[in-house]
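Below you'll find the structure, written out as structure tokens, and then a few comments.
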Amino acid sequence: AAEEAAVRAQADTVRRLKQDKADPDEIAKEVAKLLEMKAQLGEDDGKHKFVLKTPKGTRDYGPKQMAIRERAFNAIISCFKRHGAEVIDTPVFELKETLTGKYGEDSKLIYDLKDQGGELLSLRYDLTVPFARYLAMNKITNIKRYHIAKVYRRDNPAMTRGRYREFYQCDFDIAGQFDPMIPDAECLKIVHEILSDLQLGDFVIKVNDRRILDGMFAVCGVPDSKFRTICSSVDKLDKVPWEEVRSEMVGEKGLSPEAADHIGEYVQLHGGLDLIERLLQDPKLSQNKLAKEGLGDMKLLFEYLTLFGITGKISFDLSLARGLDYYTGVIFEAVLLHQENEHVEEPVSVGSVAGGGRYDGLVGMFDPKGRKVPCVGVSIGIERIFSILEQRLEASEEKIRTTETQVLVASAQKKLLEERLKLISELWDAGIKAEMLYKKNPKLLNQLQYCEDTGIPLVAIVGEQELKDGVVKLRTVATREEVNVRRESLVEEIRIRTSRC
């Protein structure tokens, strides 16, 4: 009691000082004293006020959002499996040295962790570098794999556009020594299949080649030492106009105005096979070994894409650079085109929704003997895709089911809890997705209302008469039609009816 009285007296002192507008330092000192006294008294137990928010650049996903996400994941995974991919997983953090120097100017976005037990670790930035480490470590020279997992970037989040600090990547990669452009063409086909399947609207897949870019930089007079930094400037062309990119190259990165203007002549070109043919005849580019190789492979790629029937959505685009350091050949990026949506007043603008390319040197960076394993892969931007699907479904007011329950086990009279438990157990054991209300004697109306609210299509009703007759009354919620089904035939009847849904 004496301690409580002392706390109250101290609280009065703090109040009086605040009323008298005393020196802030003195108030702070007395507040600290009060908090210490309260802590000793245990008065603060359970009363600490938490800031209830998710960390910057992250979000929670409720049942409705997760139902939408699952649809998208299922479409992506079924496509990866259709193309014969195996699945792997790797740790969420890697040794810091594994990730260092692989991402160019984006390396500053890597999350470093505190030294725990003598290892300097970082959270993974993508799934490609861990994959290359996995190949080198396990001496794998041939694999087609997919990997879906969270990655972390210390980025400035733009969450309405699906840009987060913690997000999922869905990666598909083909590693191994194969004939040119066949695996690359399949990666582009996969992007086309997924974006078509998800019905996100009109899209274009931009394609370029690092060798064409490097050859272009060389003939335009860019010094070798500036290739990567100029590359990251060009990569901004999808977001800012050429004038801004030019001034960054010249003003910030010290490129000569003449070289920048030469680059400008090329990077604003885009087209198809006709453009590739034209550049193969270009007096400057055709003299550069790298550019010539890249253009030759690009021509071959377009021939394969023509056979796949998808060139209508492919654009050879010389402004595409993709800032990551590890790309060595073909690079590509899928972009949603602005579309007027009948449900949304403004078109949803989310930019790139998939990207990838060839990275033939990355595995060799980890291999002790420098053995190279050629790789090409694609990453689907699931968060951006999800933000579109979520906005679209909200606008359409479509009712989204958050469970897969096929049948509710209900009772028509009181004192039938045991019978409901017996029946639901039979259904669960037979692999039927079933629920019941957790009340001894629920009203039938409440049970039917629960089905309406949650979208459960069937109700299996047990009553005294049904038990005598060895049947269960099966009700279709949508039509309110009821039929008596023999108990032994119930599982089969539920399967037949739910397979039509």
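Any Cβ shown, glycine's included, is placed from N, Cα and C.
Whatever TrEMBL says is automated annotation, not expert-curated.
Annotated L-histidine binding site per TrEMBL: ASP126, LEU127, THR128, ARG153, GLN169, ASP173, ARG322, TYR326, TYR327, in sequence order.
Among the features that TrEMBL reports, domain 'WHEP-TRS' is placed at 1-55. When the domain 'WHEP-TRS' (1-55) is classified with DSSP, helix, strand and coil residues number 36 helix, 0 strand, 19 coil.
The domain 'Aminoacyl-transfer RNA synthetases class-II family profile' feature in TrEMBL is assigned to 57-389.
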Completion exercise
For the binding-site residues listed (THR128, GLN169), most other Cβ atoms within 10 Å of the Cβ sits at THR128
Problem - Neighbour count (Cβ, 10 Å) for ARG322 (L-histidine binding site) - result: 23
Fill in the blank from the handout: For L-histidine, with binding residues ASP126, LEU127, THR128, ARG153, GLN169, ASP173, ARG322, TYR326, TYR327 per the record, max Cα distance (Å, no decimals) returned as 21
Handout entry: Residues near ASP126 (L-histidine binding site) in space but at least six apart in sequence (CB under 8 A)
Key = TYR103, VAL151, GLN169, ASP171, SER379
